[in-house]
Amino acid sequence: MATVTTSDGLADATGIATHAAETPGMPQLNFDHWGNQIFWLILALIATYLILSRVALPRIGAVLAERQGTITNDIAAAEDLKVKAQEAEAAYDKALIDARAEAQQIVAQAKADMQADLDAEMSKADAEIAAQVAESEKAIAEIRAGAMDNVQAVAKDTAEALVAALGGTADATTVDAAVDARMKG
Amino acid sequence: MATETNGAETGGLEFHPMDQFIVSPLFSDDASVAWYTITNATFWMALAVLATFAMLVLGSARRSVVPGRMQSVAELAYGFIHKMVEDICGKEGLKFFPYIMTLFMFIVMANFLGLIPTAFTPTAHFSVTVVLALAVFITVTVVGFVKNGAAFLSLFWVSSAPLALRPVLAIIELISYFVRPVSHSIRLAGNVMAGHAVIKVFAGFAAIAVISPVSVLAITAMYGLEVLVAFIQAYVFTILTCVYLKDALHPAH
């Protein structure tokens, strides 16, 4: 209660009625102190205002704006990349389809080439076979002709032998003629 | 003195709930306080300024795009008041953003620092809140007349009411306009002072051993309430400032 006592003393000294001291209630209503508080309050407010308006608020505002800018840029970049990815996917799909078509074309081409080769080989083989057949037939014909000659010779020999055996005298020219006649008949 | 006498009669209880509001010089035993004397009020106001500086300037010192904890707090305070001013006053109100931010930061810091035990709370003083409220009142009135000229008076002329009622309403509006600084200042100082005084009263009861646990619980509860009040009253003061400023910028009803 030191303060109250002093204010008592002050009041006595200045001769003012001791009303304030009798109601210890509200120091807020001690108007002697208002000047002091108002003075320091105004100083504090000016200091706060200068700190805020010169340094703090522009700085925080700039940081927030910068962040907003960064976010906007990043979103735009992400959109760009998304579009690019879609384009790349489309290009990839197109390349795949092209490649597939090309592959099918190559397969068809290869098939056709092989067919042509095969056909050529087949016809060549056929021709060779035909040639061989003809040759063989010729050989058979020769063989057959040879065989007829042999048969004729054998028949003449046999006829001479038969004529001799039957006691005739085999005239070679007659026998030959007879045999030839028989062979033709 | 009366409380002391009463206290003595009721068995050693001493209540001095208002002593915490006494302004006294810091560096002199002489109790006289001139306007320039460095007092406890000076000290705690200076602390409020320092706390504002620490929170907003030191907090944002790194300017990082991805904020740390301190910077988040600074940005939160900035965004909170910035949005309030923009929502209520519109874009042209943002000119007054540093001014409103100054009021809010000073009040909120003074309120919270005042919650430290044995602290002095500048915002529990009418001398402080009256100056704050008058500053708002004068700013609003000057801005209103500068921006709108005589059209600012349409604030008192309720054009949506029937013609016969308008003079009556004009008187009521005029009175309410001039009551604004009174309610604006008394609301803040009254709330802060009442809470602090009630805590002191409960603390006085703690001298009785039987009651002291209840007293301590009551102090704890009151303290929690006071933490809310410290913020809410700063918020209310600021939002009312915005509302009054809106009247100055757009006086039409």
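Along the chain as shown, residues are numbered 1 onward.
Each Cβ is built from the backbone N, Cα and C atoms, and glycine gets one as well.
Owing to the predicted nature of the structure, the values given are computational and were not obtained by experimental measurement.
Among residues of the same chain six or more beyond the transmembrane segment (B:41-61), those with a C-beta under 8 A of the stretch's C-beta atoms are 23, 26, 70-71, 73-75, 77-78, 105-106, 109-110, 112-114, 119-122, 125. The annotation transmembrane segment is assigned in TrEMBL to B:41-61 (among others).
Summarising the annotation, TrEMBL assigns transmembrane segment to B:96-120 (among others).
Per TrEMBL, transmembrane segment is recorded for B:126-146 (among others). When Cβ-Cβ distances below 8 Å are used as the criterion, the transmembrane segment (B:126-146) is approached by residues 96, 99, 103, 106-107, 110, 152, 155, 180-182, 184-186, 188-189, 237, 241, 244-245, 247-249, 251 of the same chain, each at least six residues removed from its ends.
Sequence-distant contacts of the transmembrane segment (B:153-179) (same chain, six or more residues past either end, CB-CB distance under 8 Å): 144, 247, 251-253. As annotated by TrEMBL, transmembrane segment applies to B:153-179 (among others).
Per TrEMBL, transmembrane segment is recorded for B:199-220 (among others).
As annotated by TrEMBL, transmembrane segment applies to B:227-246 (among others).
Residues 81, 84-85, 88-90, 93, 96, 100, 103-104, 107-108, 111-112, 114-115, 123, 132, 136-137, 139-140, 143, 180, 184, 187-188, 191-192, 195 of the same chain lie 6+ residues outside the transmembrane segment (B:227-246) yet bring a C-beta within less than 8 angstroms of a C-beta in it. Same-chain neighbours of the transmembrane segment (B:199-220): 7, 12-20, 226, counting only residues six or more beyond its ends whose CB sits under 8 Å from a CB of the stretch.
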